[in-house]
Structure formats: C-alpha cells, structure tokens
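Quick notes on the structure that follows.
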C-alpha cells in the first residue's frame, strides 16, 4: 500500500517595496511656469525640483524629444576652447591630410587652426617632403594636370614666424592674404613673402599620389638611328625648366621640362657627347670678393658678345648674401640629376664634355655656344659643376682632372695623380672625388688642387663614385662597394651582394641610405648606420642603367627595357613606367618630371612625363 504525503505550497514572499512617489507639495511655484524670466529667479535647488516635476508629467515621446534637444547642447568643442598652442599640438597627431581637409570645414575656428603653417611643416616632415632653396624662393613654374581629390579643400594662409599661434589665429580672422603674398604685422614695417608649407605639401602630396598611380606623357620624341651607335643617349641633365640630352652622334637636345617640347638642338661637338651638366638660373655667389681665377672683380672680362655676358651674369652685381634658408653651403652634395645651383646668372647654362677632347659652355636660352675649352688630350669622360660657383671639374681618359672657370672661360688648374683613365667623379662643397681605372680613388681640394686623400682597396677598375659630407662610396669591376671616411681616408665598410660590375650608385646622408645597381640586374639598398643590406631587389633581367631614390621612392632603369618604381623603405614594387622597350639608357626624375631615354622599335625614344598635380 502506497502512502501519499501532502505537499504544502511554499509561503508567498512579501511584495517588493515600491518607490515612494515624489511629493510635489514641497514645491509650490508662485509664478507662471511658462515665463522663463521668473524661472531664472529661483535658486539652484528649486530649479532642479521644478524640472523634475515637469519630467514626471511628460510622456515617453516628450522625454525623447527633450533628450534629443539637450544632447547637442551638452556637447563641447574641445579644440575651440583650448589655447591655440594645445589645439595645434593635438592636431599634429593627425597624419592624414584628407582628415585635416575635412576638419577645416567644421567651423571657422577649426579652419583657422588647420591653416596654421606649423601644422603643415610637421606633416611635411612626417612624409619626408623636404623643400630645397628653389622651393623656398617662391618659384612657381606652370604645372600640369592631375587630380587634387580631397586635398582641394585645404586652406591657404601664410604665417608670420614672429607671432605666437594665438596671435596668428587672431590675425587670420582680421586679414585675408594670398599664400604667396606679403603678410603685414605690427612688428614688421615692410612686406615679406612667406614660404607656405601647406602649399608645398599640397604639391608634393599630389605628386606622390600620381607617381603611385597616374601621370601622363607630355611629349614622346622618336628619332631614327642611322647607325647602331649614333642614336645612343649617353647623358641627361634635368631641372624644373630644362631636360638636356647628350647623344653619341655629337648632338645635344634641349627640351622644356614644363611642356616636353623640343626647344633646340645644340651642335658644335665633332664627336660623341659623353657628359652634360645643367646650371640653374638664379642662385647667389658662393664666394668672397675675388673671382674664381684669383683676380679682383675689376679684372678684364672675357671677349664675348654683350648678350652672352648677360647670360653668364658678368655684367650684373653679384648677390653675395646667402639666403637665410640656405645656411652653410660648404658641404652641399651634388645633385643626382646632374644639375647645380647657379651663381646669380639670369640664364641657365649647359656644360658638355665630348670625345673631341673639349668642354663647351652653352646659353640654354639662346642656344649659343659661349666657350670652347681645350686642354685635355683624350676623351673627356665626366663633368660636374659646383653649387653657386662657376667652377667645372672634368675627368678624362688622359688620366687628369681639370678645373675650369666657366664664367670667364679659363682653366684654373690641372689635377695630376691618376695613372689611368678617370672614369667617374663627384663633388661636394669644395671637394672632388674621382674614380679611375687605376683602381684608386682620390679626394681633391678644388681651390688648391691638392690631393687630400688617396683611397686604395679596390682590385679592379672603378666605375661609380659618390660623396656626401664625410662619406665616400665607390664601386667597380670587383663587385664590392666600399665606403670611405673622407676625413681620414680609411675604408670603414665593404659591402657585398653584387655578382657583377657595380655601375650605379647613390649616396645620401640625409636619409642614411646607399643604393647600388649592378650589371647583374640587382639593386641593393644599404643602411649607412649599420652598413647592412636593407633591401635586395631583383629589379632587372640585365644591367641596371639608371638608379635614383629619395625618402619615398626608388626609380630604376635597365637594359631589359623596363623602368620600375619601388618604395624606398620597404622595397615594395609600386609600378612600371612607360611601355617596355628594347633598352633603357637613362632615367631621371625631379619634382614631378621624369625623363626616360630608351630604344624602342629601332628608334631613339625620349619621353617626358609629368606627375605634377593640377594647378588650382
């Protein structure tokens, strides 16, 4: 028999306490609540009690409306309320220019903050955009088409460096000034033209984007090659105005770097041109009161037509004062594009060296040959001109170097020491380094002609050399790249990696990088701090014929007919430029203009590319 136990239900819990209702009896308003002026007379506690009483009477929809209304009222613009210096410090952490462009549209205060030039100088440093003397002088040549995209929204307001950030913002509210124009200030009585980092960043950033994906050909010149060697491009020089091309058929072509149009052909050399160098117009005189030949200023001028004297700057007052942005130019390295800053002359000057043993000096504007300088007894193989001085240095197969005054058309001194052909040279300040087939390098003082250091170590002929400050790099047939201390003459590093002739080389102490290119098709970048290989690129299938880099991009050309662009820091391939050709002879790039010299379909092809953004 089964017994059933009764199940007793659990006790019911006591109900939860309910919140006591708000008693409104404690607040008895004595005025019409619809009148805001009476509400403002209440004390803080009474105002809060009154608002609570209203909220308890509101429906959910009305509460949502109140919430949507007061939420924007509680927001605060931190940048507007902070001091200008702190606000700019915060904005300096924004490294995307498009974000800054959108921020400038939030309100007038933000617009003025983003317009501060210091902010754009920081951004230029972040992207490694370094303005040179020409940029800071305000030169503004015509630029070509490409899109600005969102960077069109950037503002353009210059700054006065003597003002604080707060004063600049206040002044921007009162004054509207062009970014290239003078800026009036209480402290300065005379107008001053300010360099705009913001405008410079706009151009540099647009150019960088176009180099990654964009650009267009200004002109492509095709010339037949009558004989196998006659159409070979041997040398190129490039600045913002001109592209100078030397050929094995003794001709020199001069193109506009702005339009790509062939301006003129310089004829005079009897044999092939091996080297060209371009001296930019303008600049300043980088020496004292004596001429470069040691004679005072009132010495007899050379016998040349008046127009050519003007082109050389002989008949004008010398600009002796250095620009503030230049500083000490005693160790200014040469330009990889075979150009140099002028000494104040109004016209660009071209120097060419040839197999006919002569050096010629040309006026780029008129195309006239000013001087024919003789002295070498064999082919003049290489030539460089110093910055801000009318001093040219040439190296020849006669084993000598010669120093010339190209403004007066006279030889200054002959540098003896090498025992075989001088194959390459480079300049930095008043120092010249030369590499020879006698397997040695030499460092010379241009002003005295003295051989300062003899660098021994290579076992075969030297084909490439560069100097920057106190470092010298050299490469040649022994496949080893050597780095030397220019002060002591000691070899401080031997860099390996190539399996054939090291024929291309660029040295840059500003980026602490050394890039080399060889006949094996390899391109290697080395750190100048640790002297180790950073990137080893199988860039080409045959010899590297051109190599150039800056902080962002590495551009190479090769005998395999390709022109390639890589990221300098990572070695990542970016793109190939132009159509593939039979062979690429020379490639130069400068400030958004690229000159490509190649052989395609049996013809010499000279392409002038532009990557400059659209001028607004």
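Glycine is treated like the rest: Cβ placed from N, Cα and C.
Owing to the predicted nature of the structure, the values given are computational and were not obtained by experimental measurement.
Across the domain 'F-box' (76-123), DSSP helix (H, G, I), strand (E, B) and coil residues number 33 helix, 0 strand, 15 coil. Marked as domain 'F-box' by TrEMBL: 76-123.
Taken from TrEMBL, the feature repeat 'WD' applies to 343-372 (among others). Listed by sequence, the residues of this chain that lie at least six past the ends of the repeat 'WD' (343-372) yet keep a Cβ under 8 A from its Cβ atoms are 237, 239, 241-242, 244, 246, 250, 252, 254, 263-264, 266, 268-286, 302, 304, 307-308, 310-313, 316, 318-319, 378-383, 385, 388-390, 392, 394, 396, 404, 406-407, 409.
When Cβ-Cβ distances below 8 Å are used as the criterion, the repeat 'WD' (373-414) is approached by residues 274-277, 279, 283-287, 291-293, 301-302, 304, 312-314, 329, 332, 334, 338, 340-343, 345, 349, 351-355, 357-361, 420-427, 429-430, 432, 434, 436, 438, 444, 446, 449 of the same chain, each at least six residues removed from its ends. Positions annotated as repeat 'WD' by TrEMBL: 373-414 (among others).
Positions annotated as repeat 'WD' by TrEMBL: 415-454 (among others). Residues 329-334, 378, 381-382, 384-386, 391, 393, 395-403, 460-469, 472, 474, 476, 484, 486, 488-489 of the same chain, all 6+ positions outside the repeat 'WD' (415-454), place their C-beta atoms under 8 angstroms from a C-beta of that stretch.
The repeat 'WD' feature in TrEMBL is assigned to 455-494 (among others). Long-range contacts of the repeat 'WD' (455-494) within its own chain (CB-CB distance under 8 A, at least 6 residues past either end) are made by residues 331, 333-334, 420, 423-428, 431, 433-437, 439-443, 500-509, 514, 516, 518, 526, 528, 531.
Note on the repeat 'WD' (495-536): DSSP counts are 0 helix, 24 strand, 18 coil. The repeat 'WD' annotation in TrEMBL covers 495-536 (among others).
Counting residues 6+ beyond its ends, the repeat 'WD' (537-576) has Cβ neighbours under 8 Å at 127-128, 130, 208, 211-213, 336-337, 500-501, 503-506, 508, 511, 513, 515-525, 582-589, 594, 596, 598, 600 in the same chain. Residues or ranges marked as repeat 'WD' in TrEMBL: 537-576 (among others).
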For the repeat 'WD' (415-454), mean pLDDT (0 to 100):
97
Residue counts (helix, strand, coil, in that order) that DSSP gives for the repeat 'WD' (537-576):
0 helix, 23 strand, 17 coil
